[in-house]
Amino acid sequence: MFNLFLAVFPEIFLINATFILLIHGVVFSTSKKDDYPPLVSNVGWLGLLSVLITMLLLAAGAPLLTIAHFFWNNFFRRDNLTYFCQILLLLSTAGTISMCFDFFEQERFDAFEFIVLILLSTCSMLFMISAYDLIAMYLAIELQSLCFYVIAASKRESEFSTEAGLKYLILGAFPSGILLFGCSMIYGSTGATHFDQLAKILTGYEITGARSSGIFMGILSIAVGFLFKITAVPFHMRAPDIYEGSPTPVTAFLSIAPKISLSANMSRVSIYGSYGATLQQIFFFCSIASMILGALAAMAQTKVKRLLAYSSIGHVGYICIGFSCGTIEGIQSLLIGIFIYALMTIDAFAIVLALRQTRVKYIADLGALAKTNPILAITFSITMLSYAGIPPLAGFCSKFYLFFAALGCGAYFLASVGVVTSVIGCYYYIRLVKRMFFDRPRTLILYEPMDRDKSLLLAITSSFITLFFLYPSPLFSVTHQMALSSYL
Amino acid sequence: MSEFAPIRIYLVISLLVSLILLGVPFLFASNSSTYPEKLSAYECGFDPFGDARSRFDIRFYLVSILFIIFDLEVTFFFPWAVSLNKIDLFGFWSMMAFLLILTIGFLYEWKRGASDRE
């Protein structure tokens, strides 16, 4: 009986922590005796602690997880892929939560439910990564999306935030519907929702007639739903508005965490569940389109968060290259790309949050940052150049490996489009660097110094980005192990 | 293909009903003999001072959402209660876990005063 729940101990702990924090928050923040204290920092630190304990439970409990076969057969599968992806997800969540505390103080943001919702969505993303059944996948995606709809609209005085939340709701519920439609078509045509059974049916023998078109529709709809959620082109339209309108920690969270979990889940579906030509073509087209759009559309942006939104769309395009080639190197390069993308994005959003204290919104506000705050300017430059793919920074390694994998499986067009759009994209990244170092604005904008958590986070991530090329083999061997386990 | 006959009939009837409901007002609506002055609100002959609309009270929405949630909870309770002798202790505790989650939500709603009468 105990073995039954051994596999999901981290999630059980995180759900219990979430509930306890919810009750703690609501009981104390509505008590007249204590004068209605705003509990968001309190709940925030406790939430950060619970995320770290969950990561400890996950990391230390790996050998025990193979015992629980109840979950193994029905909904979840735990192997190396889920292990490392969940650790990456929890690390990103911990980083994002630690970025928020200053934001809460500055903006006088006192809704502790923000943290509770982040914890709930993290738990659902943990389920999503290990989901092994179409129903489990859909439920986890829905729970994660619902939490995000609310926190995207959490800044109540700002119309921008309301607009972002509304756009996220409408354009997030719709792809969930398409995803569910795809799942139901596949179930109707094959009678199976479990990935093991789907793998045997879809890749085992040739299916002709009405059933094959049902399966095709199903796979197409699932792919479309996923691409919506991961904001790939041509389903990217909501991303810039949502990224710009939501409060910045929400934007940070939403550009890192769902991409990690959705990529892990999608790699399971596309490689294990339905290995074939359909998904590959869709991802091929979408990655080319995303790369091109991410490179071109970001040139016209004047606001920092929109620029980061378009650059993340472009990066999703690069990551989808890993999906398009169905080989182990493809999945390995995808995982390397996701890991480095997560670190770069944490870095970028920590900087944006640090600069936000004096309401920087436009790129022009970054002028002469090198004179007022040289270390921050250098860190920002490192992050931007890593996004652009300049050697020897980490972004170059991830792009190199992605293009290498694409060339290795014969997708020459994909790799060449990737290289060309990388070069085009360099323009606006280097323009930011130029604006920081060489511009002379009429009035210099002075920024307040950032707090300790963000500075620690920036130090860790930017030193990883710069020093990654010296010793990249741990990451390579870890991701190779992860990719192998998704093929077994 | 004859298994789909009920579904096809359902589709046709629902399409017909919605099209009728949509199209009939066009036959009975006011024609072009109306003009803006005739259609405007009457306030003793003056021009209307303000909008007749009031701000939507969010409590209506809250009541309906909370009703949906707890009503669905009760709906899930019914089959569980009926089959409790077959699902033994494991089934009992599974439902208690579900009930715990909803109770925590209920406690949150209570403390926040979502059902208070002003």
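Positions of Cβ are set from backbone N, Cα and C atoms, glycine also.
Any TrEMBL annotation is an automated prediction that lacks curation.
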Among A:255-274, A:375-394, TrEMBL marks as transmembrane the stretch A:375-394
Against the transmembrane segment (A:307-328), which of these stretches has the most C-beta pairs under 8 Å: A:81-104, A:111-129, A:166-187, A:282-300?
A:282-300
Can you tell me which of A:111-129, A:166-187, A:400-430, A:456-478 gets the most C-beta pairs within less than 8 Å of the transmembrane segment (A:375-394)?
A:456-478
How about long-range neighbours of the transmembrane segment (A:334-355): same chain, 6 or more residues beyond its ends, C-beta under 8 Å?
84-85, 88, 92, 95-96, 99, 102-103, 248-249, 251-252, 255-256, 259-260, 263, 267, 304-305, 308, 312, 315, 318-319, 321-323, 365-366, 376, 379-380, 383-384, 386-387, 394-395, 397-399, 401-402, 447, 450, 454, 457-458, 461-462, 464-465, 468, 475-476, 479, 482-483
What residues in the same chain, six or more past the boundaries of the transmembrane segment (A:166-187), come closer than 8 Å to it by Cβ-Cβ distance?
134-135, 137-138, 141-142, 145, 148-149, 152-153, 193, 198, 214-215, 217-226, 228-229, 235, 237-238, 241-242, 245-246
Intrachain residues whose Cβ lies under 8 Å of the transmembrane segment (A:456-478), provided they are six or more past its termini:
84, 95, 98-99, 332, 336, 339-340, 343-344, 346-347, 350-351, 354, 379, 382-383, 386, 391-397, 450
Could you pull out which residues elsewhere in the chain have a CB under 8 Å from any CB of the transmembrane segment (A:282-300), counting only those six or more residues past its ends?
220, 223-224, 227, 232-234, 236, 270, 307, 310-321, 323-324, 411, 413-414, 417-418, 421-422, 424-425, 427-428
Same chain, outside the transmembrane segment (A:400-430) by at least 6, Cβ under 8 Å from its Cβ: which residues?
284, 287-288, 291-292, 294-296, 298-299, 301, 307, 311, 314, 317-319, 321-322, 324-327, 329-330, 332-334, 336-337, 384-385, 387-390
Six or more residues beyond either end and a Cβ under 8 Å away: which residues meet both conditions relative to the transmembrane segment (A:111-129)?
10-11, 14-15, 17-18, 21-22, 25, 29, 38-40, 42-44, 47, 50-51, 54, 76, 81-82, 85-86, 89-90, 93, 96-97, 100, 136-137, 139-141, 143-144, 147-148, 150-151, 154, 253, 257-258, 260-262, 264-265
